[in-house]
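Worksheet: one structure, shown below.
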Amino acid sequence: HRARWRWGHRRLKIIDLSDLGAQPMTDADGEITGVFNGCVYNYQELREELRRLGHRFRSTSDTEVVLHAYRQWGTACVEHFHGMFAFALVEHRTGRLVLGRDRLGIKPLYLAPTPDRLRFASSLPALLAAGDVDTSVDPVAVHQYLSWHATVAPPRTVLTGVRKLPPATVRVVEPDGSHRDHRYWQPSYTRRPEYADMGPDEWRDAVLEALRTAVRRRMVSDVPVGVLLSGGLDSSLIVALLAEEGQRGLKTFSVGFEAEGGEQGDEFRYSDLVAREFGTDHRRMMVPSDRVSTALDDAVAAMSEPMISHDVVAFHLLSEQVSKEVKVVQSGQGADEVFAGYHWYPELAAVGREEEPQRYAETYFDRPHADLEGILQPHMLPEDDVSGRFVRDHMARPGAQTALDAALRLDTHVMLVDDPVKRVDNMT
């Protein structure tokens, strides 16, 4: 079975900087080989637990913890991981391949299945580089892309021959090519009755403690950690919590553009204020207007999938600068989807469940299905409104009791991963 698989890995050294953490990695008994992208934040606790269960380790890397966790718990190992990750493991004795992705899909995992083989990678261009991929355009994906702010819900991509493993999913691929998927995490979004009487102060304290825990977990690194500091509430809070946790020598980075048409192109007055308050080693990056157009091609080349956003070039240019000083950064991306920060959430809070899919589409979709009839060629236009149907089906799932809760579930588990998270992951 060893001859069945070929591995390649380009390592970004974050934990265990020695060669003992190199990948592809095989466990000490030669039973499992794997590759891993991301970070398991609680790997130290898991390593100690596995040691007590009789496992022996050669490195201090989280990759080796993933291998041993799989040997101990099988595919249920993912339920023990707190982190952002995508991995592939092969059992040499059986030839079985196991693919896994973190709960929210922060780290990508693309698949190119054909009748005689399966290829997988952390980026779509890596699959295209090897050839033999059906690059015809998926009509359903194009409909979603043009309707839903460039979101293409998993497992689809814009290419018919490439799919992505959905978040919170483990796929087991047998030697004969058959496979089975297991969704290991799927919160219901049902409001818990024990929280019904909590007041604003209690909610504030509960949220603050949860954020402290999240920031504390992400401080696990053998290299310096920075923060992309916009000066907004989300990234400023992260800086404050890192300072509270005792992070020293914290580097923060902000990007701005030249003023145009009388409009300010930066928010340095806010990021400078936060940097001074918490004593960070702060870097400003002012981007000249002519630099934006010259960097556009590089930003597009960094995309695993087509995406539209005014900030992709900014993230790309900022990441070029940041990478010269730190390898790990935290940012405030994702808070709007989790904490209902967008302008359409108050509108949805006032409608009933039966009205919600239509109101959501009217508020957030870039264009209705009828407009696509005048944009797309007939062979590229699905017979019905597949994007609207996806939203209706997702919001009709049991659990969420209000229109707002159903919208937050949809945005957190679909739109978040395929728009802001993917954008930042690609550009950095």
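Each residue, glycine too, has its Cβ placed from N, Cα and C.
TrEMBL lists L228, S331, G332 as binding ATP, and of V255, V287, V292, V300 the one it places in that same site is V255. A C-beta separation below 8 Å, combined with a sequence spacing of at least six in one chain, links S331 (ATP binding site) to V227, L228, D234, S235, I238, V424. Around the Cβ of V255 (ATP binding site), a 10 Å sphere holds 26 further Cβ atoms from the protein chains shown.
A strand conformation is recorded for L228 (ATP binding site) in the three-state DSSP classification. V255 (ATP binding site) sits 32 Å from D62 (L-glutamine binding site), counting Cα to Cα. D62 (L-glutamine binding site) and G332 (ATP binding site) have their C-alpha atoms 25 Å apart, to the nearest angstrom. Fewest Cβ neighbours within 10 Å among the binding-site residues D62, L228, G332: that distinction goes to G332. The average per-residue pLDDT of the prediction over the domain 'Glutamine amidotransferase type-2' (1-176) is 91, rounded to a whole number.
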